[in-house]
């Protein structure tokens with residue numbers, strides 16, 4: 001019998017879509033959009049629809065596996081859990097619990113995925129990952145400037161006179177914002193896209209401005225310099241609601257507009273156009289993630305924040321420096337789920353440098369890695385070093401629903417349930433403010449189990465099973481307990497399917513910022529407290545002609561690795577045959593200079609690694625620019641991260657994935 005159920009998308013994405021899922025005789029057969037969702041309105045992308053394929057795939061992991069003599073063999077849950085618990089017990093008795101590394105990412109936005117922290121805190125505390133390969137630099141940057149990274153509600157864009165989409169290809173990664181762009185353009189708003197690549201979002205724009213990769217912060221600084229010279233800054237905001245603007249003005253005096261133009265590879269006309277735009281608010285600015293994946297990435301976001309603030313576009317309807325929206329995640333009582341007070345010790349490795357830190361760790365060395373919600377061998381920079389790190393560690397465990405590149409490398413693989421096989425609530429701290437309920441629709445395939453069951457069973461074996469003596473409903477109610485006064489309850493979520501969270505739709509409208517000064521900080525005291533310079537700086541990408549001329553001569557092209565169109569990072573690649581090859585997008589000047597055409601096979605290389613792929617000439621892109629979509633599996637040509645840089649960004653919390661020079665030649 002066929003039945004349609006409300007559900008939600010778990011993927012790490014801006015849009016967090018509402019679903020209608022069809023179940024026939026205990027099997028998920030179709031995933032559609034929920035037309036009653038107030039933001040996503042029934043429209044979903046192929047990545048969401050593919051969750052049906054992933055759930056029913058014959059390649060699903062269905063049984064616990066152990067590697068013996070280089071081959072995986074099926075074992076029982078009892079054996080798997082006993083042996084993993086034995087190793088955890090041995091480490092606790094003979095070493096320190098920080099000899100265990102919990103390597104995790106954000107493959108699933110379910111609230112109960114946080115129960116892994118409950119387990120590791122109950123164990124005593126382990127080595128945890130801090131920072132983010134995705135958006136860490138920008139989140140940290142906005143915490144320095146505003147106190148938090150808060151975004152405007154999706155519908156506030158209808159109050160904007162102008163919209164600037166800066167480094168975010170919303171047609172690929174934020175489809176419901178793209179819909180709103182179409183609508184506000186019809187109502188008379190202008191749309192400007194700033195990006196090194198002329199993408200489908202740029203086709204919608206009234207104006208497209210190409211900027212040299214990694215120099216977006218310099219562009220924002222140049223526009224701010226023009227604004228100051230025009231006398232068009234918002235002096236009331238600057239004098240009453242900010243600190244440190246004099247530092248900005250003094251720095252900008254040291255760089256001429258001619259130097260800004262040369263380094264950003266833009267024009268004076270473009271600078272004047274943008275300055276006039278920002279002075280003619282309200283202007284909403286939507287920032288993407290790629291431009292903060294450089295050594296100077298945090299500074300890039302800070303300069304755009306500074307431009308938005310100084311032009312008077314903070315705290316007003318139709319304005320905003322929209323990057324993340326972490327007020328969504330802050331709404332939940334996560335510490336009731338994670339119990340951080342149980343930790344007796346801790347150690348942290350950077351998300352970006354975790355491989356190097358595993359290889360060099362001492363007192364204690366890493367003896368065990370447990371991977372959840374991630375695929376570090378594909379997604380973490382410098383793939384070859386990640387492989388070395390995993391191969392060095394005595395025991396490695398992956399908890400996943402498919403045999404990823406990382407799982408292939410591990411000693412144990414534990415099969416986990418997929419989104420429609422377990423109950424949870426879902427949200428995203430990136431865009432809209434609705435939380436959604438996803439009930440269990442079908443039974444897990446084979447012997448797959450929910451993550452919470454796995455943690456519960458391990459906890460029982462290690463003597464703290466009482467931490468997991470709660471039902472799924474009780475855990476969900478814990479997470480929602482902070483919202484009871486707002487009538488956001490599990491009962492109402494089950495009834496409605498989705499509910500709005502009580503967050504601001506226009507952040508900072510009271511000009512009460514969460515910085516130490518209570519004001520917008522052009523010079524950040526929080527940065528200084530953390531040991532960084534608080535003043536804005538004009539730094540350049542580490543792998544660039546401006547910083548390392550010799551390296552740029554050896555490897556003349558900038559490599560970007562943007563999000564794929566049809567896969568959420570690496571998750572969908574094995575299910576879509578058309579994705580299963582490496583496509584090398586090159587700017588027209590590279591094609592002309594090397595006599596390359598679509599379909600030509602090339603080798604891309606630098607000192608970290610190399611890979612092969614087939615050329616696709618971009619119609620319009622900044623000179624000397626190459627893109628290879630991230631997420632590709634080794635079986636289909638390997639991850640672009642064989643080439644990428646594994647250093648930390650300027651504020652220590654983000655990746656430098658795009659700070660990457662390469663060479664290219666015909667294969």
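Each Cβ is built from the backbone N, Cα and C atoms, and glycine gets one as well.
Of all Cβ atoms in the shown protein chains, 22 besides its own fall within 10 Å of the Cβ of residue 13 ([4Fe-4S] cluster binding site). When secondary structure is read from DSSP and collapsed to three states, residue 13 ([4Fe-4S] cluster binding site) falls in the coil class. Per Swiss-Prot, the feature [4Fe-4S] cluster binding site maps to 9, 13, 17, 45; the stated evidence is sequence analysis.
Under the heading domain '4Fe-4S Mo/W bis-MGD-type', Swiss-Prot lists 2-59, citing sequence analysis as support. Broken down with DSSP, the domain '4Fe-4S Mo/W bis-MGD-type' (2-59) shows 11 helix, 21 strand, 26 coil.
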**Q.** Fewest Cβ neighbours within 10 Å, where candidates are the binding-site residues 9, 17, 45
**A.** 45
Q. To test your reading of the [4Fe-4S] cluster site: which residues beyond 9, 13, 17, 45, same chain only, put their Cβ within 8 Å of the Cβ centroid of those residues?
A. 11, 15, 16, 40, 44, 47, 48, 175
